[in-house]
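Engineer: OK, TrEMBL features for this one:
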{"type": "TRANSMEM", "residues": "47-70", "note": "transmembrane segment"}
{"type": "DOMAIN", "residues": "61-301", "note": "domain 'G-protein coupled receptors family 1 profile'"}
{"type": "TRANSMEM", "residues": "82-108", "note": "transmembrane segment"}
{"type": "TRANSMEM", "residues": "114-136", "note": "transmembrane segment"}
{"type": "TRANSMEM", "residues": "156-179", "note": "transmembrane segment"}
{"type": "TRANSMEM", "residues": "199-218", "note": "transmembrane segment"}
{"type": "TRANSMEM", "residues": "250-269", "note": "transmembrane segment"}
{"type": "TRANSMEM", "residues": "281-303", "note": "transmembrane segment"}
Amino acid sequence: MNEDLKVNLSGLPREYLDAAAAENISAAVSSQAPDAEPEPELVVNPWDIVLCTSGTLISCENAVVVLIIFHNPSLRAPMFLLIGSLALADLLAGVGLIINFVFAYLLQSEATKLVTIGLIVASFSASVCSLLAITVDRYLSLYYALTYHSERTVTFTYVMLVMLWGTSICLGLLPVLGWNCLRDESTCSVVRPLTKNNAAILSVSFLFMFALMLQLYIQICKIVMRHAHQIALQHHFLATSHYVTTRKGVSTLALIMGTFAACWMPFTLYSLIADYTYPSIYTYATLLPATYNSIINPVIYAFRNQEIQKALCLICCGCIPPSLSQRARSPSDV
């Protein structure tokens, strides 16, 4: 009774005092609470900026190769058709990286994710398959040197192009046709929305093609060294010529396969062992070198070619340097 008298000194009903006290407490709390923070602005991932920049460089560089081959009627041999296929695939890969950046920050939806990842998978698959086709063409040009320049070779080249682009397009359509992890997060790979099984198939296919390319280039080096040995015997300067040709052949093999492995092997192995629970920084760190392969491909396969160099000089300066026009192709240029 004494406690009630001490608290209820105003003479008002106790229910009224309890309600008033609750309102005062709410007002005090609301006055002390900070204002609602505004929604955070869109933050761009620096890794995405680097990938977009890489895609822009890839697109510009390979667009030059595509235009040179497309506008030069003399560059219609099987070798140039395959180099053009490689440049076109890398060009689409660069465009895919740019579109992925734009859609990720400006037009976010499931449909755009599927279309973008499909384009990237198809273009990079076509790039790797084109590298394998170029290797097969180089091997056939040396192993069947007498019958290489024939209609059958051109037909075989077109068959390879149809097969590699058909396979690549089918791989790119898999996410669009339902083989994705948008509805089941637990099946995602390191590259969303690709599934773990899809990434594993792509990785195993890459390892198989890498092993096949390595075997073919070893055979190419053996053929080149055998030809150089025969030429050296005919001209009586065996030691020097054979040594130079062997060194060039091995260095070219190391350049081609070393670059290919250094660019693609980290991401391939990482895709096999990792899943969506791994930190995304590892995915970016292994995927970025893979994009560099599309930057290096024009330098190795296009701009080192004498005929493409001539066509590029004609476009840029309207003439062909005498040193370039007089240079002969050696057997070690594999």
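Cβ coordinates come from backbone N, Cα and C, glycine included.
TrEMBL labels come from automatic prediction, so no person has curated them.
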Engineer: Checking distant contacts: for the transmembrane segment (114-136), what same-chain residues at least six beyond its ends satisfy Cβ-Cβ under 8 A?
Structural biologist: 79, 82-83, 85-86, 88-90, 92-93, 95-97, 99-100, 103, 160-161, 164-165, 167-169, 171-176, 180, 182, 191, 193-194, 202, 206, 209, 212-213, 216-217, 220, 260, 264, 290, 293-294, 297, 301
Engineer: In this predicted model, what is the average pLDDT of the domain 'G-protein coupled receptors family 1 profile' (61-301)?
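Structural biologist: That region's mean pLDDT is 87.
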